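Trainee: This is the structure, below, for whatever I ask next.
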């Protein structure tokens with residue numbers, strides 16, 4: 001049993017704000033939160049280990065709810081191309097983009113992919129992240145999608161972090177199905193998806209519904225199969241063009257629709273009606289030098305929960321810093337500090353279907369982060385620094401500096 005004292009706790013349990021408790025005490029027992037409240041209300045725990053928070057800020061452990069963490073290769077050359085004027089879409093149409101990463105990832109061994117992914121995951125953890133969603137989508141066939149998802153599962157075996165896996169086989173058309181997207185969709189729904197689901201490798205299913213990806217009709221076939229397998233769905237939607245993907249996802253009760261720069265009010269309303277979370281990805285917006293912002297005001301108006309994630313990937317968001325995304329979301333998308341912190345805690349948990357994480361509440365997992373700052377707004381305000389002091393995974397404390405969670 002642990003007793004964390006002398007802290008301000010941002011519980012994230014109210015509707016819009018931080019749910020802040022000044023001079024709080026949190027009691028952890030058997031990996032879960034047994035008590036959270038004002039210090040003067042806390043029960044006696046004479047045998048507990050007492051941890052002095054030194055007046056710091058305690059938040060839920062951060063949740064990165066959209067990453068592509070398992071890949072090989074580099075896309076630095078495409079970064080240079082874009083600086084010379086090429087667009088993300090032009091590069092993709094010339095065989096670059098996702099397809100170049102597919103080639104490198106297929107050629108890499110599972111051991112090589114695990115080594116790369118461990119380093120990326122540890123970087124996120126060192127900044128306060130306790131849950132990471134990891135997508136496939138750089139294999140695009142049964143063998144290599146399995147390889148990616150297996151590596152994602154191995155991250156959770158070698159590190160204390162909570163991993164949620166998402167099958168993103170419908171990410172791009174692989175070379176063996178060139179000019180035959182419909183044929184590849186059939187391969188996904190007849191073989192890849194049911195096989196990997198039956199192997200227990202899939203927590204959710206995603207697709208890239210876009211002019212350079214898959215059509216709404218093709219995407220819907222994937223959704224129907226996922227629903228038949230009782231798997232939750234997510235969607236890359238409305239990043240480059242409006243394909244009405246967000247509405248389609250919402251109609252299938254998707255956990256989330258992600259990117260959303262081109263989202264319209266019809267899609268927002270559908271998301272609100274079906275409880276679909278809007279996952280905003282300011283790192284991709286920044287890196288691609290986009291100018292069309294997601295409709296944050298419409299999302300607010302209709303009460304759609306907004307989450308924030310890194311979209312960590314080699315092509316459009318080579319970023320492994322979730323706290324930086326708070327600052328970018330505030331600066332680029334005009335989100336408030338409260339919205340930003342909610343976006344990487346309670347709303348990010350909703351985007352993954354996690355109902356016992358993302359808040360500091362009795363009965364929930366003790367995934368917690370202690371920061372040296374006193375004001376919760378500082379986590380959004382400052383960037384380029386790391387105020388994390390201690391991280392708890394299921395009630396086990398880890399000091400950031402010593403990083404005793406390291407698998408290597």
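Every residue, even glycine, has its Cβ placed from backbone N, Cα and C.
Residues or ranges marked as Fe(3+) binding site by Swiss-Prot on the basis of sequence analysis: 66, 68, 236, 311. The Zn(2+) binding site annotation in Swiss-Prot covers 66, 68, 236, 311. Sequence annotations record features per position, and here Swiss-Prot assigns 4-imidazolone-5-propanoate binding site to 75, 138, 171, 239, 316. Summarising the annotation, Swiss-Prot assigns N-formimidoyl-L-glutamate binding site to 138, 313, 315.
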Trainee: In terms of Cα spacing, which of the binding-site residues 66, 68, 311, 315 are within 10 angstroms of residue 75 (4-imidazolone-5-propanoate binding site)?
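Mentor: Within 10 Å of residue 75 (4-imidazolone-5-propanoate binding site): 315.
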Trainee: Taking only the binding-site residues 171, 239, 313, 315, 316, which one has a CA atom nearest to the CA atom of residue 66 (Fe(3+) binding site)?
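Mentor: Given the candidates 171, 239, 313, 315, 316, the nearest one is 313.
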Trainee: If you count other C-beta atoms within 10 angstroms, which of the binding-site residues 239, 316 is the most crowded?
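Mentor: Within the set of binding-site residues, the most crowded position is 239.
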Trainee: Using the alpha carbons only, what distance in Å do you get between residue 68 (Fe(3+) binding site) and residue 313 (N-formimidoyl-L-glutamate binding site) once rounded?
Mentor: 5
Trainee: Of the binding-site residues 236, 311, 315, which one sits closest to residue 138 (4-imidazolone-5-propanoate binding site) when you measure Cα to Cα?
Mentor: 315
Trainee: List the residues in the vicinity of the Zn(2+) site, defined as same-chain residues other than 66, 68, 236, 311 with C-beta within 8 angstroms of the site's C-beta centre.
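Mentor: What remains near the Cβ centre is 67, 135, 258, 259, 281, 284, 309, 312, 313, 317.
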Trainee: Mind checking which of 66, 75 has the fewest other CB atoms within 10 A of its CB? They're the binding-site residues.
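Mentor: Selected from the binding-site residues 66, 75 on minimum Cβ neighbours within 10 Å: 75.
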Trainee: Round to a whole number and give the Cα-to-Cα distance in Å for the pair residue 315 (N-formimidoyl-L-glutamate binding site) and residue 239 (4-imidazolone-5-propanoate binding site).
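Mentor: With distance taken Cα to Cα, residue 239 (4-imidazolone-5-propanoate binding site) is 14 Å from residue 315 (N-formimidoyl-L-glutamate binding site).
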Trainee: How many neighbouring Cβ atoms, not counting its own, are there within 10 Å of the Cβ of residue 313 (N-formimidoyl-L-glutamate binding site)?
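Mentor: I count 24 other Cβ atoms within 10 Å of it.
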Trainee: Enumerate the residues of the same chain, 138, 313, 315 excluded, that satisfy the criterion Cβ within 8 A of the mean position of the Cβ atoms of the recorded N-formimidoyl-L-glutamate site; list them in sequence order.
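Mentor: What remains near the Cβ centre is 68, 71, 75, 98, 101, 137, 314, 316.
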Trainee: For residue 236 (Fe(3+) binding site), which of these binding-site residues sit within 10 Å, Cα to Cα: 171, 313, 316?
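Mentor: Neighbours among binding-site residues, in sequence order: 171.
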Trainee: So if I measure Cβ to Cβ from residue 311 (Fe(3+) binding site) and keep only same-chain residues at least 6 apart in sequence, which ones fall under 8 Å?
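Mentor: Looking at Cβ-Cβ distances below 8 Å from residue 311 (Fe(3+) binding site), excluding near sequence neighbours, one finds 66, 67, 68, 258, 281, 283, 284, 317, 319.
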Trainee: Neighbour count first, Cβ atoms within 10 Å, every protein chain included; then name which of 68, 171, 236 tops the list of binding-site residues.
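Mentor: By the 10 Å Cβ neighbour count, 236 comes out on top.
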Trainee: So of 138, 315, which of the binding-site residues has the fewest other Cβ atoms within 10 Å around its own Cβ?
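Mentor: Result for the binding-site residues 138, 315: minimum number of other Cβ atoms within 10 Å at 315.
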